[in-house]
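Visitor: When I checked TrEMBL for this same protein, it listed these features:
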- 20-49: transmembrane segment (TRANSMEM)
- 24-507: domain 'Major facilitator superfamily (MFS) profile' (DOMAIN)
- 69-88: transmembrane segment (TRANSMEM)
- 100-119: transmembrane segment (TRANSMEM)
- 125-143: transmembrane segment (TRANSMEM)
- 164-193: transmembrane segment (TRANSMEM)
- 213-232: transmembrane segment (TRANSMEM)
- 349-366: transmembrane segment (TRANSMEM)
- 372-391: transmembrane segment (TRANSMEM)
- 403-422: transmembrane segment (TRANSMEM)
- 442-463: transmembrane segment (TRANSMEM)
- 484-503: transmembrane segment (TRANSMEM)
- 509-540: region 'Disordered' (REGION)
Amino acid sequence: MAGEQLQVLNALDVAKTQWYHFTAIIIAGMGFFTDAYDLFCISLVTKLLGRIYYHVDGAEKPGSLPPNVSAAVNGVAFCGTLAGQLFFGWLGDKLGRKKVYGMTLMLMVICSVASGLSFGHTPKSVMATLCFFRFWLGFGIGGDYPLSATIMSEYANKKTRGAFIAAVFAMQGFGILAGGIFAIILSSSFNAMFEAPSYEVDALRSTVPQADYVWRIILMVGALPAALTYYWRMKMPETARYTALVAKNAKQAASDMSKVLQMDIEAEPQKIEQTKEQKSGFGLFTKEFAKRHGLHLLGTTSTWFLLDIAFYSQNLFQKDIFSAIGWIPSAKSMNAIDEVYRIARAQTLIALCSTVPGYWFTVAFIDKMGRFAIQLMGFFFMTVFMFALAIPYDHWTHKENRIGFVIMYSLTFFFANFGPNATTFVVPAEIFPARLRSTCHGISAASGKLGAIVGAFGFLYLAQNQDKAKADAGYPAGIGVKNSLIVLGIVNALGFLFTFLVPESKGKSLEEMSGENEEKEPQGEAEPPSSSGRRTAPVA
């Protein structure tokens, strides 16, 4: 009967955790590894670019990127990601997950290498080509969000699905670590080979010509892990849920999954035939979708948007915090390559202490506590810590209280990762129908990237000193760091409230969550109720 779940999907739902689950995590996770590596590296490299291309003779401080160039270099990848999430999310539902998956990876590999080859001799031409390739790199990364989440959710079993999708996302943590560690190794070896005085001793000689290779190599190495998984991505069969529920090919789905699960699965083409005769289900812009999933989509988009405002604003405070604790001395007391080394070391420490553990706490607890509880808890603690940093802000600026500030700051981001940063990625891959799953995940993720743009750039201007004379060069006066932290606290509190729109998907099958087993048939073709007393309906 059409309302019962296909055997092939049931087999996936109840499958024990097997080797193929782990290979799927690695294959899907490598895109996120590259994504994090790349977004992370650019912050190491921007200081160096400023010294190389914007050096001013006789200036007291080393050269730095002008605000508009800095915003472009850092932000253009976000814009590309946003566009990629929407486009590839839609394409993944139209053409199938597998076909599109190879495209996004190829784009990431080519653009990672190309961004390191940014050409030209003038600062303008180098920055323009760098921004061009970083936009398309972001476009490829954007496609990886909906596709990786959807593929993992459609391959996983009911019991541990949350942990598997979260593990794909947690590969970001390793990407961040790899970026930091590689930059530390590269900068120390360049520093050993090409010694240079600090900027205050000899401004011109503090940036050796070879420094130009450092940022290029760091950016290009991001392509390696992605390129290595290309072969396995192409060998992965299309997900059974797409083949059976969207492409309506039960035979192919059963044969693909028989190989993956190493068991015999009945094809059941008659169930698919019944659904073919009926109209395919409702689309994204229909009243039926709005009625069933409208609030869910509002929940996933709003919480991801609000989370990313807070999450990406952290970059603003990081450099101030590092300088404040004395992890990074003043720029003029270092040479160019030494500065890369110091920043990489500080960021790697933060990643090790708060970022990476947070991700894996989510993986460990998401199928025990549930998505809803983790997201609520995360937003709650982020709100508490933001206000605790903001209200007595003057207290934290004193030298003797710096360590306390860093601990509170680290806890805020620990609870972002053991909280909404992971769950906002997991939930949209579980609660929408198969034919719209990738699109809806793409829309939710794009909403998050919009929040990231607000967080990274809105707050760059907002957090400036209220006195124009004390603001960073080239920036207008803002509302100050204290008020910015209060605004972020309010943003997190809103995230807490919007979480109530998101349903809990722990332990349920994807078809149960999306209501695909109960979708109504067109009038006149109704079947009698099944023996359980519930109406049966098409699978798609």
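Yeah, the Cβs are placed from backbone N, Cα and C, and that goes for glycine too.
Note that TrEMBL annotation is computational and uncurated.
On a predicted model such as this, the values are computed, not experimentally measured, just so you know.
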Visitor: Could you give the residue numbers and ranges of same-chain residues that sit at least 6 residues beyond the transmembrane segment (20-49) on either side and whose C-beta is under 8 angstroms from one of its C-beta atoms?
Guide: 64-65, 70, 73-74, 77, 104-105, 108, 112, 126-127, 134, 137, 141, 144, 148, 151-152, 155-157, 160, 164, 167-176, 178-180, 183, 211, 214-215, 218-219, 221-223, 225-226, 228-229, 232-233, 236, 260-261, 315, 318, 331, 336-337, 339-340, 343-344, 347
Visitor: Grab the same-chain neighbours of the transmembrane segment (164-193) for me: Cβ-Cβ under 8 Å, and only residues 6 or more beyond its ends, written as numbers and ranges.
Guide: 21, 24-25, 28-30, 32-38, 40-41, 44, 148-149, 152-153, 155-156, 208, 210-211, 213-214, 217-218, 221-222, 225, 335, 337-338, 340-341, 344-345, 347-348, 351-352, 355-356, 359-360, 362-363, 366, 417, 422-423, 425-426, 429-430
Visitor: Give me the stretch from 100-119, 125-143, 213-232, 349-366 with the greatest number of Cβ pairs under 8 Å to the transmembrane segment (442-463).
Guide: 125-143
Visitor: Which sequence positions outside the transmembrane segment (100-119), separated from its termini by at least 6 residues, show Cβ-Cβ distances below 8 Å to it?
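Guide: Sequence-distant neighbours of the transmembrane segment (100-119): 31, 34, 38, 84, 88, 91-92, 125-127, 129-130, 133-134, 136-137, 139-144, 147, 151, 215-220, 222-223, 226-227, 229-230, 233-234, 236.
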Visitor: Is the transmembrane segment (213-232) packed against any residues at least 6 beyond its ends, judged by a Cβ distance under 8 Å, and which are they?
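Guide: Distant contacts of the transmembrane segment (213-232): 23, 26-27, 30-31, 33-34, 37-38, 41-42, 44-45, 48-49, 52, 102, 105-106, 108-110, 112-113, 115-118, 178-179, 182-183, 186-187, 190, 337, 340.
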